[in-house]
Structures are given as structure tokens and as C-alpha cells.
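What TrEMBL records for this protein:
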type     : residues : note
TRANSMEM : 12-36    : transmembrane segment
TRANSMEM : 48-72    : transmembrane segment
TRANSMEM : 78-99    : transmembrane segment
TRANSMEM : 125-146  : transmembrane segment
TRANSMEM : 188-207  : transmembrane segment
TRANSMEM : 219-238  : transmembrane segment
TRANSMEM : 244-266  : transmembrane segment
TRANSMEM : 287-307  : transmembrane segment
TRANSMEM : 313-333  : transmembrane segment
Amino acid sequence: MKISGEKTTGAILLYASFFVYDLFLWTLQVPMYSFLMESFNEKEQAQVMQMVAFICGFAGIVGYVLCAILPISSNGVLQLDIFFISVAVFLVGAVLNLFSVKEEPKKEETQTSVFSVFQNIPAKLLKMCLLFLLIFSACFPFYIFFTTCFAESMFDAHRPTIAANENLTEEEIEKIFTDRLTDGSQKASLIFIAFPAGVMIISLVMEKGKIFRRFGIKNTIFSMLIFMIGTLTFNIFFKTTIGFFLIALGIAFSMVIQISVPYMLLNIYREDPKYPKSRGLSSDNSIISCTFSIAQAVGSLLLSLLIKKTETTTVIIPWCLVSAILATVLALTSIDFGKQSQQEEEKNSRKAIDNRTEKL
């Protein structure tokens, strides 16, 4: 899509605002999760985290429905209606939150430098952050490129391929590409509703079914990674609408994990008597937030360089697949998942009883 010369400055400001907005959201997580972990018990924390996932899922459904209804481009020019609507909703929500929630700051607050956050980081925390860096790397490209990948795969919305037809003029190539990209993106937005809807449903199932307690954090993460690896592998060999639908569900499963598990593991780590007492809770939460930011920044840079040379789909799916495989290997070999699941506790308990019976 072409952006006219008069709108160049506006486009730069638009993408800069995306960056600031995204940075604000990641920064906001640090005090939010610190407050949550200090003020609520383990059961209440899980409920709040799953509710956050549920609300995010609902907001995502509204957003993707708007993307499917409103045009993304017109005559080759990018349309900003969706952006203006989303900004308005965000501002209303932020203002309502400011005036409805009473804040009572602590009288005394220990000041720490930025560099002190990265000092004396426990090895288990670093390994956990690396795990979620890989998990996030296996998902976030689809937040940005899902519609593009779908349009390329299912609607042949790839400019070089269209341009290969020597009988078309530049204007005709641009029109065909824009029409295919718009049609593909609008259908992809409908399919990608499975992502926020999946977040809502999975978060409710995990909370009501007490999945982490029954099956354990480790088994839950492995289930998510195996599902993603299988789905991404399927999409490398087969280009189908069902395949993209399954990708959306896999990302939903992953997002629910990302919202809750890092902070659950951090709680477990901090209960360990050997954990450095000098580290504050907000410092550890900052490390987790930095992990996601680093994954997004480095991944976006590398992907942008790779995509210039080939189709988006050719880059995104293998990138996510490799990240998911590396995350699985790391989880198998190096991660401390702490508490056992209820099933493992019952199994070990039965084994201990059997051993005592044999001795008798």
C-alpha cells in the first residue's frame, strides 16, 4: 500500500505512537504485577491473572471484528479509522481507571538504580526468562503478520508474484495487490478472532478446572509447545484455512501461559530460602518485562531484514517453529518448575505407600 507524500510525517508519527504505546503497556506490567503478588494470595493471583487474559481476549475480539468490517486501504492508501477508534477506547478506559481507582502510595520507598535490577540475578530466573523469550518469539510475529501471511498464502497477495506478469502496468499491479491484500486481511481478521476468543475460553477453563494444580506448570507448558510445534509444522506443508485457525488457537494458549506462568514461577523461586534476599519484587518483575521487550525488539529487527528478501510466510512460520522447538528443549533440560502437580503428588504418595508395604 502506498502512503502519499503529504502523509509521510503522519505515518512516522503513527508508528512512533505504536512504539510508545507498546512500551507503556510493558512498563505498566511491572507495578501491576508487583502489587498483585504483594497484596493477594496464590489462589487470588491466579484468578486475577486469568481475568486479565479473559478481558484481553474480549478486547481482541472487538478489535478483529472492526478489522474485518472496516477497510484497511482505499485506492492503495492506508486507512486509519481502526487506529482512531482504538485510541479513543484506550483513552476512555485510561481516564475511567484514573478516576475510579484510589491509589495509596507507600510513605517510604526504597530507591534503586536501573543497573541494580540486573545485578545478582539468580540463574533459575535467567533460564526462566530465556524460556519465555523463546515462547514469545514463537508467537509475537503472528500478532503483526497473521493477516499478511494469510493473504499471501490464500489470496496470492504477493507483489513480486503479481509483477511477474509482464502484461500488467504498475497501476494494475498495485490495484491487484491492494485488492487481494484487503480481501485476505479482512478474512484473516475473522479467522484470527479465534485468538482472543481462545484466550477467553482457555483462561476460564484453566481457572475453573484448576489446570495448573491438577497437571502442573511443566505439563501445561509442554502441552502448549507440542500443540504449537504440530500446528506450525502442518502449516509449512499445507496451506489451508484450518491451519491458520489452529495457529490462532495455539497463540491463544501461549498468551494465557505468558500472562500467568512467569509470575507463578517467580513466586515459587522467591520462596526458596537460597533466593537472594537483596532482590526486590519489582526488580524481578522488571526482568520479566524486559524479556518480552527484548524478544519483540530483536525479533522485529531480524524479521524485517529477512522479509525483504522473500515472502512473509516463508520467514514467519519457520521462525516461530524453530523458537518453539528451542523453548521445548530448554524446558526439558534447564527449567526449575518448582511444585509438583496434584497427579504427581498422588503418584509419588502411592509409590511411597507401596514401598513401605513391601518392607513390612
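Cβ atoms are placed via backbone N, Cα and C, with glycine included.
Here the transmembrane segment (313-333) has long-range neighbours at 127, 130-131, 134-135, 137-139, 141-142, 145, 149, 152-153, 218, 221-222, 225-226, 228-229, 232-233, 235-236, 299, 303, 306-307, meaning same-chain residues at least 6 beyond its ends whose C-beta is under 8 angstroms from one of its own.
Most Cβ pairs under 8 Å to the transmembrane segment (244-266), among the stretches 125-146, 188-207, 219-238, 287-307, belong to 188-207. At the 8 Å Cβ threshold, with sequence separation of at least 6, the transmembrane segment (287-307) comes into contact with the transmembrane segment (125-146) through 3 or more pairs.
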